[in-house]
Amino acid sequence: MTDLALNQLGLQYARNQYRLAQYVKLFAKERDFDIKIEDDHYLGGLLFTSPFLQNLAFLVSDPVVESEQITLFDLFQFTPTEQQKANFTKYVSQIQRFSITVDASLQPLDFSSYFNFIGSLLNHITQLQKVENMTKMEFNSDEFIYEFQASDAEIKLLINMQGTEILEVQDINQNLQTQPRFYQNNLWALYITLIIASIAFQLSAVNLTYFIQSFGATATDIANLTTYFNLVQMFSSFFWLFVSDYIGRKIVFLIILSIYSILVGVLLLAENFTDNTIIINFVLTIRAISGISAILVPLSFLIASDLAPPKLRGVVIVLVNCFSQVGSVISSGLTVFFSNYKKYNTSAGNITQDEILRRVKLSFRDTHITCVVLYIISVVFCALFLKESNQKLKTYRKLKKMNVKVPKNTSLRNQNFLKILLSMLKNTNMLILFFSYVLSLLGSTNSRTGGPYFTGRMYGFTNANVAKGYANTVQIVSILLGLVVSAVIARPFISFFGELRAIILAQYFSIFESIVYFAPNPPQPPALMYFTMFLTGVSLIFCDAIFLQLVSMYTTPQNRGCVMGVFQVGNSIGRSLSGVITGQMQVYN
């Protein structure tokens, strides 16, 4: 039942019933009579069968006059006898008359529903506490306000009596007290799934760059690998994140991993072609198509936003980026292996051009077979261990098990897309975050997009396979340093500076790599390249993650996928423009 949450009305009903139940317990204890209250704290039967009302009426010492006629006994889930009805009417009338003499502003007891009656009776008892020898209780203590959480039994009672109008989708943004560990709430399964999938994703992406370069691809072709991919992603990423609000995050995760495994398998056909132009165009096409499922990290951010409360979320989203980079580091190590191992090595001895291309194709084939296997492993792991995080969907499933139907006009339903978009356009903070996010990615990914081609040319590599091995060695060191530093400093960095200042400071880090690339006398010393790529890695991890952490605070479970999808469009715009600018600058140079 923990997947169900009460709205303000339901919480008020449950809190008032709990207050009265605790008061009845204390009242009975002080007067030495036995009383039993069920786990759901329902008081309907108890008010008729226990001596509570009788004792309460006796203490007020108000002369009993003709009782008011109270006939709405059907509001209780209890069938009293005629004598119990008469006693109930007498005691309640006496309590009501006396409490109004204490405070003339009190409204009469409300018999319109059970919970309204409990709330109004509580108001009258509050006034009766002014009577000498009356049991006293502070109804506004922390126990009844901040510490109160309705139990499963209480929520079930409320649903049975009031329907779904007292429910809302549980929103983790409202959980400002708890701060679980970074791996709890099923986050560990998300991290592991992401690492496995990221290894396969990066391994294929890096290999494709050098594979087509070996067959005569131009700088524009290489830049287009990223540009076309991101253009397709721009239109599909929003779709998947939006759909996840309806069918669930886990289902979407499984779908995109399955699509990747199929498309990477299709890429293996490239080694069978003999025409270089066909090879390049085929790779560009399949790579672009794979952009339809390019939401591994954005979807992971979305799941992390569902699972991590605000106090921990900034750190968790940074860690999601870090674990994605762990996949990049491992894939870089595998790339070095698939470049330098004896049967793939294209720089050993005097080998012919045909032999070089044969080894390049062999490296390409084995790399992508490995990718397919990794994607299949990630699909299986995701299916077995990753739990659904879409709270609206979990609420619906729980209600379905209880055979409770959700009305169409309830607040549990998803919000309309146009209304969500309009509310975003009206929110100045959301607009500032969106355009800042686009510009951040446009700047910080420029140097990273052109890195492989730039490395090959700047250090005089004539063999793309050798350049691939060198560049990935650099990436292993720089990214590994970046993710370790990011993971270690994330919590103190965000806590000390706050999310906004953390973004600004991290953005400055990314400037260094671009400045160094404009040095007058390339090539730069390798140590300097390591340092600048390390700073850019830290910048990318922090900026991407904390921007989305801030965005997530403006969302609800019913619109989170849609809002994050809109920002993912901004992500694609920034990265696509970055690829276009990089490609055109390389052609110009």
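For all residues, glycine too, the Cβ spot is worked out from N, Cα and C.
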Annotated range (TrEMBL: transmembrane segment) out of 10-29, 430-449: 430-449
Tertiary contacts of the transmembrane segment (251-270), as residues 6+ beyond its ends and Cβ separation under 8 Å: 193, 197, 200-201, 204, 208, 211, 240-241, 243-244, 279, 282-283, 286-287, 289-290, 292-293, 295-296, 299, 303, 364-365, 368-369, 371-372, 375-376, 378-379, 382-383, 386
Stretch-level contact, the transmembrane segment (531-551) and the transmembrane segment (315-338), CB cutoff 8 A, at least 3 pairs: yes
Considering the transmembrane segment (367-386), which listed stretch of 188-213, 225-244, 282-303, 315-338 counts the most C-beta pairs under 8 Å: 188-213
Long-range Cβ neighbours of the transmembrane segment (315-338) (under 8 Å; 6 or more residues past either end): 182, 187, 190-191, 194-203, 206-207, 296-297, 300-301, 304-305, 307-308, 344, 363, 366-367, 370, 468-469, 472-473, 475-476, 479-480, 482-483, 486-487, 490-491, 494, 537, 540-542, 544-546, 548-549, 552
Reported mean pLDDT - the domain 'Major facilitator superfamily (MFS) profile' (186-589): 81
